[in-house]
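For reference, the structure is listed below as structure tokens.
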Amino acid sequence: MSGLIEKVSILRNDSIHVGYNMSSHIVDEILTKKASSTYVLITDSNIVKMGHLQTFVDEFNRLIPSKRPGSRILTYVVPPGEANKNRATKAAIEDYLLEKGCTRDTFILAIGGGVIGDMIGYVAATFMRGVRFVQIPTSLLAMVDSSIGGKTAIDTPLGKNFIGAFWQPDYVFVDVAFLETLPEREFINGMAEVVKTAAIWNEQEFSRLETYSKRFLKVIRDRRVDDSVDLTSLKEHIIKLVLESIKVKAEVVTLDEREGGLRNLLNFGHSIGHAIEAILTPQALHGECVSIGAVLEAELSRYLGILSPVAVSRLYKCFAAYGLPVSIADKLVQKRTNGKKCPVDVLLQKMAIDKKNDGSKKKVVLLSKIGKCYEPKASYVNDEDLRFVLTDEVLVKDFNSAPSTAVVVPPGSKSISNRALILAALGKGECKIKNLLHSDDTEHMLNAVAALKGADISFDDNGETVVVTGNGGNFTATDAEIYLGNAGTASRFLTSVASIVKPDSNTTHVILTGNARMQERPIGPLVDALRTNGSDIEYLNREGSLPLKIKSGNGLKGGRIELAATISSQYVSSVLMCAPYASEPVTLSLVGGKPISLLYVDMTIAMMKSFGIEVTKSTTEPYTYHVPQGHYVNPAEYVIESDASSATYPLAFAAMNGTQVTIPNIGSSSLQGDARFAVDVLKPMGCKVEQTATSTTVQGPTKGTLKPLPLVDMEPMTDAFLTASVVAAIANDTNQSTSIVGISNQRVKECNRIEAMITQLAKFGVRAKELEDGIEVFGIDYHHLKTPSDGVYTYDDHRVAMSLSLLAGLAESPVLIQERHCTGKTWPGWWDILHTTFNVELDGHEAVVETTTAKANEDKSIIVIGMRAAGKSTLSHVIAQTLKGFKVVDLDDVFVEKYGDIREFIKENSWELFREKEAMIAKEAFKNYSKNTVISTGGGIVETEASRKLLKQQMKDGHIVLHLHRDIEETVVFLSQDKTRPAYVDEINQVWERRKNLYKECSNYFFFSPHCQTEREFFTLKKTFSKFINRITGGAVPSIPNGRSAFVCLTYEDLAPVSSKLTRVTNGCDAVELRVDLLKQHDSHFISNQIGILRNQTSVPILFTIRTKSQGGRFPDDSYEDIERLLNLAIKLGVEYVDLELSLPESLLDSVASKRQFTKIIGSHHDFSGTVKWNNVEWENKYLLALKLNVDIIKFVGTATSLNDNWELEHFRSLHTDKPFIGINMGPLGKVSRVFNTILTPVTHKDLPSSAAPGQLTLKEINEYFGQFGGSSRKKFYIVGKPISHSKSPELHKTFYDEFGLSHTFDKFETDDAAKVFNDLVKGNDELGGCAVTIPLKIDMLKYVNELTDSAKSIGALNTIIPIGDGRFIGDNTDWIGIRDSLHQAGCEIAPESSVGLVVGGGGTSRAAVYALHQMGCSKIYMLNRTPSKLSEIKNHFPSNYNIHIVDSLDAIDEDDKLDAAVSTVPGDKPLDDQLISLLKKLLEKKRGHAVLLEAAYKPRETPIMALAFSRGWKVVPGSKMLVNQGIEQFYKWTGYQFSSHIDL
């Protein structure tokens, strides 16, 4: 068929050509019939990669010499994607055409998908006031939609396709061969337009599409190695579906070229679909959104009484059959869009700017049936009806407008429908089933029968009739799980069917599964009965419930089968229907008490007779049935009567509102027990009931006069008890209630319906109580019904929803009913009946939608999970210290309090019982400690489904569930030495392998904690972890530097061997870039370990970068899944920055960006070629994309081939100021750009093995160059005080300057006169960078500064003066930082509320020591001085909560106190007072654990107090440490550089 060209006429020209492998035809046709001096081929880079452009170029080059000598061809390639369909790209194309001298005879070929077709068509429409062009669509969507009809456009930031023109192409060449290289998802995406077009215009083609869906998906999913597909077996179908779709659009366009009305019909599904797309783009594709929109617009048609429920069901199933989503809630849509919400108000706003609208009036294309629209144009619709269709909650308003009479035909009986499908599939021959219920339940049954190859299924009468051609009971196993949702009937019937399934060559079993509720519902008695009769059935999860694994080939032995049927009659019907296919006749005996719902068993027996098998009841044994062997013979036609359970709702409506309702096709001859509802329930309550053999009419009494029923046994119609309950709720008699019995089976339906009804009636102010096998309802006057404040919860149960909707319209104000879509199980159109037949006003409602913007954690509790020995207990306390006011609750400790020692409990009981109790404790703790608590859990909490559900619910409720982990080998070593905890049953590595994915799914943050070998490493880790906690809780969101800053680019393949270098390498940088692509491994564990090593060594913010090959890195360009996995891991690890390459697919970019939480996103783009100059449109397009993604920082890197490239970059920078911008050029000529870049310049370091990019400089080099260029001024710094001759400060700060290439100076200014310092050094000195203040001026200088930091105010002394401009100065105190960091680095542990500190001395530094110890968490501080009176002044200076105790005698020391930290601030070179030594010795003897003493004096190297402390087991820290640490803080305050390297003075 490759040589056959089909031509379609549009606007009276045969200009649409459809065929296969048409390149030669296309070029020959153009050259023969369209003369031009210049043929311009325009496409995108994706089409170039596939070789399509070159094919056309070669063909032109072959034919031009003979066909058009003297003509030329030009090619232009644009970047792919919707982001490039804009004014800038259009202008660049036009500039190119002008530069090449193109004139009005230019002929353009637009080769590509919809983006290319739309944009290049618009170029053709406007270039030289319009030139000729052809559309050569390469995607299915473009072939059947955008290429046809002459619509051309570009996008703007305010919306898609807002600027464009109608400009008809000379040709549209549709070469179906292009589809061989179309990715699967794009193929399926295009099918949305195909199905939509058939739905509005061509029912015959729609029916054909329905039959081809399975073949279609099978072929397009069978991919070659290069991801292409062989369409040979499907070629005719593909060409036909393309042709038929094109013919419809061509006909419509011919009749209405400029969209006067008829052409609106092509927008079926687009009014709502475009609104959804505007929110979910780019993760959701156009066709996917149109599919969802079409289903919703069809539901709108049904809601308005225009379209039949069967037609909606067909449309729904057809879209779904082609792999398209049919709901925003679709799991794949949710996954792809990261759960992005589509708020109804936003959708309506988006719909308000639809081009079809008339001003503010919205218009939607409505269907009247498959293949025909309601009007020859879009129809007006109101927001109320749209709001209803778009939401899953409904506000039911009053019933005051109810008609006096109504006729309602409920959908087919669910019970009969499911039985008829099973019997027809078991039978032989064709059976036309009419009035089948089209619902979720029957859909699951149809799918299951088809999956097991039990029958061929087709549709007649526009889908109203289901044609089942049974295979005589020959079912075949399938390797795919059969998912049954919450369809209890289907699950029970199919369990017996699965027992008679035959194996195929690949599969020897059938797996039946369902949703979470289905996996709780009972099926045990049926399984027991089948097992005893030879079936091999295995429970895969919970004993007694789905999922089941049923071995094929065993069949049923037959003979006597005993079955307990007190819970469900469906067990009985299931066995009965399959019994004829047993190896011998079956005698089925029901045991264990009176069976439930025997009328349904009678129904089954009657239906079996209709299909040729007669069951006889035993005359000697009760509840026993004899089933002969045989085969069902299908009747030619079987009509399903309407569902009697569903009929109870409109009949009850009449009863409760005093109106008349007739059900025309259910009467006394019905097979269904619920048909007796009107006679047995409503009539005794005061209704007039007329029932014939085939119809039922109810006339309700005057509203409010219903009578209660003292006792009614509803065992024959248990499902109808909910309807009876709501009628009883307004049967008002203070002396009488209504008791309904015989309904105990309703406790194990979709929910516990008895409990549900009691709970929900209470919301209306109606009291009800539970009976042993029923419910008692105490009715009230309907005028006194309350409006449920939080609405009616339906438990996802169709019968709860429909029954309570009857009560809702009688309440005093509108009632909210949640999860209204659950009625789709049996009556999808129930709300339509309320609205159109009963004239009830309904309004859609939506709960407040949480935004995706990251929210601060505030007081929400944090749950910590992870393996044993991961550091949960230790780090939980760090969390509590970080988040002031939080406490720690360890669930292992709670367990011990309740049940005793864990090891003993497991030994005496079992691991299973331990896990059960653990889950109960967790549930209780999550409820009782929901605020201000860190909840540390046991390592195995993720082992059980119950606990996992709890953890996932915590995440849904906005809590942080933090997974802590450390290197597993270190864990093995630690646990092998720990004898206090129960031994693992399995090896630790095996436990980790089993749990690691469970931890992943149950946590929203992850922290990897490598082994700390030194106290400094542990200090750094705790500091970093504290910052991590502050960040993920929103307490300290990383701020983007607003001045000169840099990040160092690591180029190691593994950080472990070089970890000791990391502190030095990151010195002075504002961030450190982990180049993930350069690492030797890319698994999550290795990457997490690398992050952990970084956090062990430095607290510098981390930039996580995956640089792909095309962007100058090593990561494979097309490994999108791995890229997304690792980027998501980075966000879960809470890194400060993530680099997102703007060349990645837009859907991936948007997905990652939407999950950012508190991580900052850097949108980057690199050009290594040097050919993309700074005036190239590519930079502009990438910048617009970055803005659209709302990245936090934009990073563009070009390549300089001349110095002028740097000045072009600066010009680009000056014009693009919307976001912080990193802009540099690579290469030797681009070095100057690195000097002039301000924010986060990438730098290298001399200790790195290589630089990350050509021309990269060190931080020192950049500062030196910047200073030489005059970019920074030289500042003068001083230390002031007396004596300072031996001060180490000048040496310290000069070390800093040298490290960072700064030209500043640091000198001594010795004086004890504060006024002299101010007048001679500070006042009017523009060169002053700052002053370090030492004794005796720390207090005296306070009056010479304009402001004080909080610490300086609290301490009452300063040691740092910082100029802030305009002759103003801030006073700060960094001594306390020096003290705090020195103690921390030495491993000093301070436990809030229990730690005790000591300060020796009474000078200015002692104040800083008091402040430091208090900030660290000391609850009591002792002070000791040779002159105790001086200490009173200090004590009085600080607030009382500092809890300062002056030690002037031994009596002042509490015997119970243990000291954790001490600071000596007395001069180190002066003798100590005997009294002081005596008291100090006593205090030093009262140490706790690893107590640390810091000596503030750094001369001499070892002071007497250090010696005293050391001799008593204290760890002592020399004063030089404090000097360095406070100096580092001073240097940071003055220059903005954080010095992190080790310094010895």
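In case you wondered, yes, glycine gets a Cβ from its N, Cα and C as well.
Here is what Swiss-Prot records for this protein:
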ACT_SITE  E259  active site, proton acceptor
ACT_SITE  H274  active site, proton acceptor
ACT_SITE  H1166  active site, proton acceptor
ACT_SITE  K1195  active site, schiff-base intermediate with substrate
BINDING   44-46, 82-85, 113-115, D118, 138-139, K160, 178-181, N189  NAD(+) binding site
BINDING   R129, D145, K151, N161, 193-196, K249, 263-267, H270, H286, K355  7-phospho-2-dehydro-3-deoxy-D-arabino-heptonate binding site
REGION    1-383  region '3-dehydroquinate synthase'
REGION    396-840  region 'EPSP synthase'
REGION    859-1049  region 'Shikimate kinase'
REGION    1050-1261  region '3-dehydroquinase'
REGION    1274-1545  region 'Shikimate dehydrogenase'
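Features per Swiss-Prot, on structure.
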residue : record                                                       : Cβ neighbours (10 Å)
D44     : NAD(+) binding site                                          : 22
R129    : 7-phospho-2-dehydro-3-deoxy-D-arabino-heptonate binding site : 7
N161    : 7-phospho-2-dehydro-3-deoxy-D-arabino-heptonate binding site : 17
L179    : NAD(+) binding site                                          : 25
N189    : NAD(+) binding site                                          : 25
V195    : 7-phospho-2-dehydro-3-deoxy-D-arabino-heptonate binding site : 26
E259    : active site, proton acceptor                                 : 17
L266    : 7-phospho-2-dehydro-3-deoxy-D-arabino-heptonate binding site : 23
H274    : active site, proton acceptor                                 : 24
H1166   : active site, proton acceptor                                 : 23
Alpha-carbon distance [K85 (NAD(+) binding site); L266 (7-phospho-2-dehydro-3-deoxy-D-arabino-heptonate binding site)] in Å: 23
To what whole number does the mean pLDDT across the region 'Shikimate dehydrogenase' (1274-1545) round? 92
Using C-alpha atoms, which one of the recorded positions D44, K85, N189, E259, K1195 comes nearest to N161 (7-phospho-2-dehydro-3-deoxy-D-arabino-heptonate binding site)? K85
For the region 'Shikimate dehydrogenase' (1274-1545) and the region 'Shikimate kinase' (859-1049), check the count of CB pairs under 8 Å (sequence separation 6 or more) and say whether it reaches 3 or more. yes
H286 (7-phospho-2-dehydro-3-deoxy-D-arabino-heptonate binding site) - helix vs strand vs coil (DSSP): helix
Which same-chain residues, if any, lie at least 6 apart from R263 (7-phospho-2-dehydro-3-deoxy-D-arabino-heptonate binding site) yet have Cβ under 8 Å of it: G149, V252, V253, L255, D256, E257
Return only the integer: C-alpha distance in Å from S139 (NAD(+) binding site) to the residue listed as 'active site, schiff-base intermediate with substrate'. 33
What are the sequence-distant neighbours of K1195 (active site, schiff-base intermediate with substrate), meaning same chain, six or more residues apart, C-beta distance under 8 angstroms? D1139, I1162, G1163, S1164, H1165, F1221, I1222, G1223, L1240
Where's the emptiest Cβ shell within 10 Å among the binding-site residues E82, S139, H286? E82
Among the recorded positions D44, E82, V115, N189, H286, H1166, report those whose Cα falls within 10 Å of that of H274 (active site, proton acceptor); none is a fine answer. H286
DSSP secondary structure for N161 (7-phospho-2-dehydro-3-deoxy-D-arabino-heptonate binding site), reduced to helix/strand/coil, please. strand
Close recorded positions near N189 (NAD(+) binding site), where close means Cα within 10 Å, chosen from R129, E259, H1166: none
Rounded Cα distance, in Å, between V195 (7-phospho-2-dehydro-3-deoxy-D-arabino-heptonate binding site) and L179 (NAD(+) binding site) is 17
For K85 (NAD(+) binding site), just count the other CB atoms lying within 10 A of its CB, please. 23
Cα-Cα separation of L179 (NAD(+) binding site) and H286 (7-phospho-2-dehydro-3-deoxy-D-arabino-heptonate binding site), in Å? 18
What DSSP gives for V195 (7-phospho-2-dehydro-3-deoxy-D-arabino-heptonate binding site), in three states, is helix
Can you tell me the three-state DSSP label for D44 (NAD(+) binding site)? strand
Going by C-beta under 8 A and a gap of 6 or more residues, the same-chain neighbours of V115 (NAD(+) binding site) are D44, P80, G81, E82, N84, K85
Report, in whole Å, the straight Cα-to-Cα distance of E259 (active site, proton acceptor) from H286 (7-phospho-2-dehydro-3-deoxy-D-arabino-heptonate binding site). 21
Taking DSSP three-state, what's L266 (7-phospho-2-dehydro-3-deoxy-D-arabino-heptonate binding site) in: helix, strand or coil? helix
